[in-house]
């Protein structure tokens, strides 16, 4: 076979010809960033699970003479011209004769922005900015295909893009401006004829100084498709010539061959039967990149046109195995629209599955054949395709055979009956028959963009005009290692009449026949079996209702059961955001108090914003990869490059605790860093690290859970206690006593940019520069200097920006920087460290799991007279910041409530897990959660509405004292509470929910409202300081440097607003280059919601010093310009540089006395959320959330509202979705977006309203504002308690108690199993208990 090794494709209109070394340039992200210098496309996960690396690919089909999806097929249907892909899974060699457009190719700040880039920036949809290029490219591609999209189009386009910062709402607000309002309601207050609510200004406000307009649309750039890049004519010509040559690319370790027709493919498979075959690379890619599996030969079949044929016949659809899932989805959509309903019943079920399957990018890449041949029961297609009686054509050089797609197709996990030399050619999907009923069901951690926990396809054929079963096909995925078919049940039910008796027999038979292994990967065996039964019950109801509609049966379901048949609809979040306008007397040039765009928003949207790994490589640069422990508690036998290579100290000192940088003699957890390998490339370093064999001698005991630590009395010091009143005596006099506990799981930071650093030796005087993603540059500088044995003045840390931090880039990044710096010093070369997502999650720790045990005395009117609460946190193997986090939990345990007798104890458990660390809220969400659980349970036992019990116990006096004796005024907290109840229409909605619950048996709704009092600032007073340096140049431009770190919260933007107000110059004349320890030394970490308070005051101080110097010149020549004043000062030898400093309050707590002013001030708020749950599956939908927040006088309402929304959605994940799984040997199992789910667009409340409290002032902080970064996280708990309320409604209807345990997060499994019914009882009684569980609750 003739073969070519020349690769031709276009990137942003530029022709690229490569004779490629595929092992070095296998991924489009790597090639674009390191070879072409296009760093706008970000890599955040490496497995296609986040969308950050989204790019647009275009291909030309010479048969249709148009640009289209990669699926080359024969069809009369119209297909999109351009499609999105995740570049991290798109091998360069698959782009032969394709055109790629990245974020840099659509617009630039140097030329002209594309309207998509402009609108996401101006709508405040970019915070940290790491996900923004992916969002932009998803929307851009949609507009290339559909210039006037609907809101549903936007929702689908963005379903595969994750954001950890914004809460998604501002992204949608920017993009929905492209909608055609005649065909799509852009918001809840608009219609086809009326103006958008965004343009109505104050339409919903009774106050003239309240605005709902965060950005102005009037000056938006118009969408002009004529300015887009055209498809390269050369590629059109190439496509028409259709070369028959095989492509062959050889590298050092891998050879890739790309046949051009089926005969070449079959010949290759005959010669190399074990070689992996791929088209979309969504299964093979993660195995090669994330799991580091290696194969010397890869076969790419994307050019074999026989694999992409689509043909319709009288029997149904035949579709090539290489066709994408998007192609299949489009075919099903057209078939459903154009085919008689009875014939398309199966297609509707398949379409319902496809709509939830992955995100748009993955559906564009993943193929039908790949989904089937992966033989993974979590993949949803096989169960429904098997139920539809689909068949497969399989071919080899020996010929073609047809096999049924059923349980016998799969011989084990990841295994099929295909011989090694065979290829799946196509899939046949028949039409449905008039007497057939088909349905598909699935339940996942997240409704979209997540593998299913259990999926089901069921089809029943009835005898003509009868209710007698002729055939029954049931297939389950997720209850065993392969596709499961309960054959005996299906056979047993044939010939039976469809009715309630059959339902009872079917459930009994399924209970006996289905055996879910107790150690099944993913765990939750009882839940999985419950789902299997619940899905069949849903199918029973579906068929019964359809038979009635068709006139086959008179049986009628109770009306209250029908809602269970309607799946939750994913909606685009809408809502209102309001804030108080600045005074009319304020100068129009003064930006403080106005919604200003993030100062880097445009650069982030254009892909021009640089993060540490975007910096160009230094000549001779090396790469470092960490070697981590595979044992939880063991001695290390043997060593390599490790602790002995550290020239200075191998210890990280943090207050009174010491932690090793490299483990020396003993490892304390799986994932602890033992050593590091340095190589010339990332891949070489990764491979070398994987080959290191470490010998261990296991030690005892090994403790993982809080219960383990309690049993072995394994705690860190100090053990905290705080008490007000006489708790023991008050408990004796209380009318009622409640003893209970609540467990709250941990949380992964999942910042989009993983941790890393570049260490660059300067070659003289032991100097070294570090370009690092850290929230605490001074601590990183300090630790690196100690590790190298040099003074801190030789180490300079540079921080441009972070792709998210959330507290996770304070401690561990310092140790990683020290290791990288040691490697750089030893080699004398620059060394780059960039953690893979899996390693980042394994090494760095997260939010602490908490167990709260409480004993409460209360009266019948809901008054709590005494509470004794003990908090246990899982600190991991070293103390890290756990003690301070426990302090914050204890200091927030009162929340908004005046409990006269209150005692709290805090114990940090020492276990053999990676050390947990700071996370947004810093113990506050855990401490508050336990107290709100107390209030909720008291309300249930008193038979009172929870909001009434909360009101009864709230702080009410003008001057109140917390349980640690800090004075405060709760007036604004009470105002937030009252306004939240009013704006949320709480009482009327509560009545509506009661009515809904009485009318729906299998769907229940719940609503919850919570107040909040959150302390701002560091309880360690010395951290409450800020510093800044402000330089004015002769041209009038201003450079501001400060100690804060920009990580999306907008600290730089607010600093510019402060400087602009004081200096009276526009923000455009002021610039912040970076955070640098060489400019501002000894800075505190950017944390505790205190960044703007500290930095803002310091910048203000420096600017005021400069203005004081300039004032005589200004007064002398008031009509001169700013530039003239500055030049005159220069000529008069007046310094145009000034430092600013802010010395914060002396906060501290005397733990011996249990009192002290722990915080600078308190931020208040209230939140109300409504949810609906599916009692049969545990799924839930967030219907509406209303938040009223006291941020004082907001410096920037757009940024503050963005922080509220983003914090809430992160909290929503904490309390409902995000679940960390550890194996029984202490290994983190959830190490990427395929296993760990953060909230996606589908999880955001359909209606999401945020209001900043008007007429609020804070005399303690910069311009009377308040810190806001951390408090909103806790408001995610409103969803938890709303879910608990909905579960209680379901239980009460079944005669069960409204008192029941529910741990956080309230996952689908926990919701379903708490809604106890006949199905949970059948599953629980028949499921074998695991001797060793798949995972443990730590």
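Placement of Cβ uses the backbone N, Cα and C atoms for every residue, glycine included.
Just so you know, TrEMBL annotations are computer predictions that nobody has curated.
Here TrEMBL flags 45, 50, 53, 88 as [2Fe-2S] cluster 1 binding site. Sequence annotations record features per position, and here TrEMBL assigns [2Fe-2S] cluster 2 binding site to 128, 131, 163, 165. Residues or ranges marked as domain 'FAD-binding PCMH-type' in TrEMBL: 249-434. The feature FAD binding site is assigned by TrEMBL to 380, 424, 442. Feature annotation from TrEMBL assigns region 'Disordered' to 579-599. Residues or ranges marked as compositional bias 'Low complexity' by TrEMBL: 579-589. Annotated Mo-molybdopterin binding site per TrEMBL: 775, 806, 920, 1088, in sequence order. Feature annotation from TrEMBL assigns substrate binding site to 922. Annotated active site, proton acceptor per TrEMBL: 1270, in sequence order.
Taking CA atoms as the reference points, residue 53 ([2Fe-2S] cluster 1 binding site) and residue 128 ([2Fe-2S] cluster 2 binding site) are 15 Å apart. Residue 128 ([2Fe-2S] cluster 2 binding site) is 20 Å away from the residue listed as 'substrate binding site' when you measure Cα to Cα.
Taking CA atoms as the reference points, residue 920 (Mo-molybdopterin binding site) and residue 88 ([2Fe-2S] cluster 1 binding site) are 29 Å apart. Taken through DSSP, the compositional bias 'Low complexity' (579-589) splits into 0 helix, 2 strand, 9 coil. Other Cβ atoms within 10 Å of the Cβ of residue 88 ([2Fe-2S] cluster 1 binding site), summed over all protein chains shown, number 28. Averaged over the domain 'FAD-binding PCMH-type' (249-434), the predicted model has a pLDDT of 94. Put simply, of the binding-site residues 45, 50, 128, the one whose Cα is nearest the Cα of residue 442 (FAD binding site) is 50.
In this structure the C-alpha atoms belonging to residue 1088 (Mo-molybdopterin binding site) and residue 1270 (active site, proton acceptor) are separated by 7 Å. When the binding-site residues 88, 131, 775, 806 are screened for a C-alpha within 10 angstroms of the C-alpha of residue 1270 (active site, proton acceptor), the residues that qualify, in sequence order, are 806. For the binding-site residues listed here (442, 920), the lowest count of other CB atoms within 10 A around the CB belongs to 920. Ranked by Cα separation from residue 50 ([2Fe-2S] cluster 1 binding site), the binding-site residues 165, 380, 424, 806 are led by 165. Non-local contacts of residue 775 (Mo-molybdopterin binding site) by the CB criterion (under 8 A, 6+ apart in sequence, same chain) comprise 802, 805, 807, 809, 810, 813, 1045, 1047, 1085, 1086, 1087. The Cα of residue 165 ([2Fe-2S] cluster 2 binding site) lies closest to that of 806, out of the binding-site residues 45, 380, 424, 806. Of the chain residues outside the Mo-molybdopterin site list 775, 806, 920, 1088, 805, 807, 808, 810, 918, 919, 922, 1086, 1087, 1269, 1270 have their Cβ within 8 Å of the site's Cβ mean position. Surrounding the centroid of the Cβ atoms of 128, 131, 163, 165, where the record places [2Fe-2S] cluster 2, the chain contributes additional residues within 8 Å, namely 126, 127, 129, 130, 132, 164, 166, 752, 803, 804, 1048, 1206. Here the candidates are the binding-site residues 128, 131, 163, 380, 424. The one whose C-alpha lies nearest to that of residue 88 ([2Fe-2S] cluster 1 binding site) is 131. Residues within less than 8 Å, Cβ to Cβ, of residue 131 ([2Fe-2S] cluster 2 binding site) and separated from it by at least 6 positions along the same chain comprise 42, 44, 50, 51, 52, 161, 162, 163, 164, 165, 752. Residue 128 ([2Fe-2S] cluster 2 binding site) and residue 806 (Mo-molybdopterin binding site) have their C-alpha atoms 11 Å apart, to the nearest angstrom. Take the CB of residue 1088 (Mo-molybdopterin binding site) and look out to 10 A: across all protein chains shown you find 27 other CB atoms.
Largest Cα-to-Cα span within the FAD-binding set 380, 424, 442: 26 Å.
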